[in-house]
Amino acid sequence: MPTVAALESGGGGGQDFPAKLTGQVLICSIIAAFGGLMFGYDIGISGGVTSMDSFLMKFFHEVYERKHEVKENNYCKYDNEYLQLFTSSLYLAAIVASFAASLFCKRFGRKPTIQAASIFFLLGAILDAAALNIYMLIAGRLFLGAGVGFGNQAVPLFISEIAPARYRGGLNICFQLLITVGILVANVINYGTSQLQEYGWRISLGGAAVPAIILLVGSFIIVETPTSLIERGKLEAGLKTLRRIRGVHDVDREFEEILHATELAKKVETNSFRNLMKRSSRPQLICGTILQVFQQFTGINVIMFYAPVLFQTMGFGSSASLLSAVVTGLVNVISTLVAIFTVDRFGRRVLLLESVFQMLIAQSVMGGILMKFLQSTNEMPQLYAKIVVLLVCVFVAGFAWSWGPLGWLIPSEIFPLETRNAGFFFAVSMNMLCTFLIAQAFLSMLCRMRSGIFFFFSAWIVLMGLFAGFFLPETKGIPIDEMNERAWKKHWFWKRYFDEEESPAPAHLEWKDTMTRN
Ligand code: BGC
């Protein structure tokens, strides 16, 4: 029986399992991806809101006054720690929340974690829209952060676990696609609400409730992942769900593979964080977390959070700046579609490597132009300001079909079950930590390093190119529970981490006898 062979080879059988791309999988992936919409909305909304006069006047009066001083230094007019804290507090909360979420996700499953995310997010949106003072405002951001922590922990894992291996990349990138849609929608809303004098910012911040409600309602429709059901001992429900989402009756091999992964996970250790410290977990842990560091050190969030501020620094008017941010947002969405259709065909590495060249050129030319044409107090020639907007688009496109989506996809697919939740937690929280650092530091860095900041990011891009070229194994098309066998143990560098590993004894699984099936 092929099932026994697959088990005996430790699950490294080497083929994809029978599966159709069913409506169930599509619908569940799209609903879950609304977690990305919440995240993206938040990324996109704060930059625009912090450049609105009515918002600054109410909460950050000092910044408001400095912004309107004629001779203020171009690079320093927004440098204010509290203003940065408004943007970045969300990410601090998200780090703590994603730790809680990793435990919650393992104990209660992916679906309740997604539900909790939407509730946190809804509360955050309400608090922010109603904010009467800075404390309420920050409290709202903390709730939103908890929502992001829970959502970002559960959604990519959820999609990677329900997707058939050969469509996993494209489906998982729906999460990133909705992040980009969220950013774009936020930019458009900011553009509209910036015209409203008093309450524009309240509408912008309160709008976060919409994706939260969609996700909350949708989360009652989605299934729990077979892996999570089986992991929590609900074998029959796991098998039933697997049949339903695969659209074929014969799911025995995949079921046994998941069962095998679960048995292994249980045998190894009950504490997945301790497991993660083992030598054989190092390759996935290092790659999963470093990918997120690199994702953030492309400098993408300088553009996402501060594009309107940056464009104003270059001399565009307030609404021209928001409009330019809308244009870059549109480029972001369209380019993510490119990733969806290419990632399972060309593989992850090709996209990562191509984009390194593209982003490097864009960042360094941008730095060069700003260095030459934007001094402390002048106004930049309009032609060059427009070229910079174009270069921002080139940069965003490169990011959007590579490090953006793959920063989430790869960590969600490379860990074996016994370390998946804990390992992915490290990836998510590293992303949040680096996002926090950039959000918190950027305006001060811009003030001190000026155009040099773009060369700083260029250096990181070179580094990440080398890393992707030499150290990242290709994971395209490999079933999620066969990664160790088919990706890590075959990689020229990482295979040494498995040298002394005993190959796990085949689990003796007699599920067919013990379960009533029909
Ligand atoms: C990143 C965000 C970023 C966004 C831009 C995401 O993958 O995690 O930090 O703002 O992409 O589209």
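Note: Cβ is positioned from N, Cα and C throughout, glycine not excepted.
Nobody curates TrEMBL annotations by hand; they come from automatic prediction.
Pulled from TrEMBL:
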- 21-41: transmembrane segment (TRANSMEM)
- 28-476: domain 'Major facilitator superfamily (MFS) profile' (DOMAIN)
- 82-104: transmembrane segment (TRANSMEM)
- 116-136: transmembrane segment (TRANSMEM)
- 142-159: transmembrane segment (TRANSMEM)
- 171-189: transmembrane segment (TRANSMEM)
- 201-223: transmembrane segment (TRANSMEM)
- 285-307: transmembrane segment (TRANSMEM)
- 319-343: transmembrane segment (TRANSMEM)
- 383-410: transmembrane segment (TRANSMEM)
- 422-446: transmembrane segment (TRANSMEM)
- 452-472: transmembrane segment (TRANSMEM)
Long-range Cβ contacts under 8 Å made by the transmembrane segment (422-446), restricted to residues 6 or more beyond its ends, are 75-76, 78-81, 83-85, 87-88, 91-92, 94-95, 98-99, 101-102, 148-149, 152-153, 156-157, 272-273, 275-276, 281, 284-285, 288-289, 291-293, 295-297, 299, 301-302, 305-306, 309-310, 313, 407, 411-412, 414-415, 453, 456
Residue numbers, six or more beyond the limits of the transmembrane segment (21-41), whose CB comes under 8 Å of its CB atoms:
114, 117-118, 121, 147-148, 151-152, 154-155, 158-159, 162-164, 167, 171-172, 174-186, 207-208, 211-212, 214-215, 218-219, 221-223, 244-247
Looking at the transmembrane segment (116-136) and the transmembrane segment (452-472), are there 3+ C-beta pairs under 8 A, with each pair at least 6 apart in sequence?
no
Taking every residue in the domain 'Major facilitator superfamily (MFS) profile' (28-476), the average pLDDT works out to 88
Non-local residues, at least 6 beyond the ends, that sit with Cβ under 8 Å of the transmembrane segment (383-410)
152, 156, 160, 168-169, 172-173, 175-177, 179-180, 287-288, 291-292, 294-295, 298, 300, 303, 307, 311, 314-316, 324, 327-328, 331-336, 338-339, 342-343, 348, 351-352, 354-356, 358-359, 361-363, 365-366, 369-370, 373, 431, 464, 472, 475
